[in-house]
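Colleague: Marked as Fe(3+) binding site by TrEMBL: 61, 63, 218, 292. Look at TrEMBL and you will find 61, 63, 218, 292 tagged as Zn(2+) binding site. The annotation 4-imidazolone-5-propanoate binding site is assigned in TrEMBL to 70, 128, 155, 221, 297. Residues or ranges marked as N-formimidoyl-L-glutamate binding site by TrEMBL: 128, 294, 296. If you look up TrEMBL, you'll see 52-354 marked as domain 'Amidohydrolase-related'.
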Ligand code: NIG
Ligand code: FE
């Protein structure tokens, strides 16, 4: 079945903003994009009523496979406690205690919440199981939600391995990876203070690559360190967070295919300084925006919220922020079929109840998502 989206006030293709355009979808793909006057006929019509149409958001970094609640930890932070990542173990205990049905319900609820806010492609990670069976279980359940699954056995060293962190690294790159790899597309390591160092991260990522997984890295979130340069050295698809960078890190990213995925929800919820997106963009770094949705450092599923933060706090123009939330996320997942409105791409469209994409930052916290078309189906 074909659908003609017409009367579009502003079409944000991912690369450019067009006026007077129309879009035709055929099944789950975009078939045609061009001037409305030249639009071909279609089985059905959606009248956008002069609103903005943009690609569905690509949220390339979330942690949906968890149980429990850390709102008290959030409240303590707002009262001045620092974020250390130590609360990850609280979520590990709650996740291990949860049934499959509970995990499925909670992750499904978050994925639906994200879809209502315009997210049509979502990556999600394990990382709150931290044993062979629990990591595999979380990834199996994650596969029910998305094809973009990431094995994060190296999130932190769990309490039962605290006496032998290198033994845990061997487990992650051995039996845990073997159990996880059939259910994952990517492997990720939290390479930062209180988690894993660069040598441990390199060993785990190389094992992941040998098992056929693509590489990504939690890098330079809590302090400056070697993780961003490690991501570039290994040709990772993405270095995520990028909060504490020096000039060498920015130059390394700019000269690479590694996307800097910025997660301003984490800085918002941990009261930390925001990454300097302006500096990265000016140096030629490819930037993505994602939510980092997780119960500890960023419990938001809202890409519009992250766009507003990126504009207000990180020096991005609204157009750069929308591009980073669509095309940038697609690049971070090495996908060419999402994050754009172009013939051949997936028919994932958002209609915004606004006359211009500027409103995503101009009207923060306002539910501007009017309609979502996902795989050609109106949600
Ligand atoms: O990306 N930094 C590491 N992992 C998550 C937070 C996990 C948590 O606090 O539960 C993040 O921010
Ligand atoms: Fe994260």
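Heads up, the Cβ atoms here are built off N, Cα and C, so glycines get one too.
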Colleague: Expressed to the nearest Å, what is the distance separating residue 294 (N-formimidoyl-L-glutamate binding site) and residue 221 (4-imidazolone-5-propanoate binding site) at their Cα atoms?
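Modeller: Distance between the two Cα atoms comes out at 15 Å.
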Colleague: Give the subset of the binding-site residues 128, 292, 296 lying near ligand 2, defined as CB under 6 A from any of its atoms.
Modeller: 292
Colleague: Using all protein chains in view, find how many other C-beta atoms are within 10 Å of the C-beta of residue 61 (Fe(3+) binding site).
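Modeller: Result for residue 61 (Fe(3+) binding site): 32 other Cβ atoms within 10 Å.
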Colleague: Name the residues of the same chain, 6+ apart in sequence, whose Cβ is under 8 Å from the Cβ of residue 128 (4-imidazolone-5-propanoate binding site)?
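Modeller: Expected: 63, 65, 66, 67, 88, 91, 92, 94, 95, 138, 155.
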Colleague: Do you know offhand how many angstrom separate residue 297 (4-imidazolone-5-propanoate binding site) and residue 61 (Fe(3+) binding site) by C-alpha?
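Modeller: Residue 61 (Fe(3+) binding site) has its Cα 13 Å from the Cα of residue 297 (4-imidazolone-5-propanoate binding site).
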Colleague: Give me the CA-CA distance between residue 61 (Fe(3+) binding site) and residue 221 (4-imidazolone-5-propanoate binding site), in Å, as a whole number.
Modeller: 14
Colleague: Under a criterion of Cβ-Cβ distance under 8 Å and sequence separation of at least 6, what residues of the same chain contact residue 292 (Fe(3+) binding site)?
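Modeller: Sequence-distant Cβ neighbours: 61, 62, 63, 240, 263, 265, 266, 298.
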Colleague: Taking the residues the record says bind 4-imidazolone-5-propanoate (70, 128, 155, 221, 297), how far apart in Å are the two Cα atoms that sit farthest from each other?
Modeller: 20
Colleague: Starting from residue 296 (N-formimidoyl-L-glutamate binding site), work out which of the binding-site residues listed here (70, 218, 221) have their Cα within 10 Å, and give them in sequence order.
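Modeller: Of 70, 218, 221, within range: 70.
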Colleague: So which of the binding-site residues 61, 221, 296 sit close to ligand 1, that is, with a CB under 6 Å from an atom of it?
Modeller: 221, 296
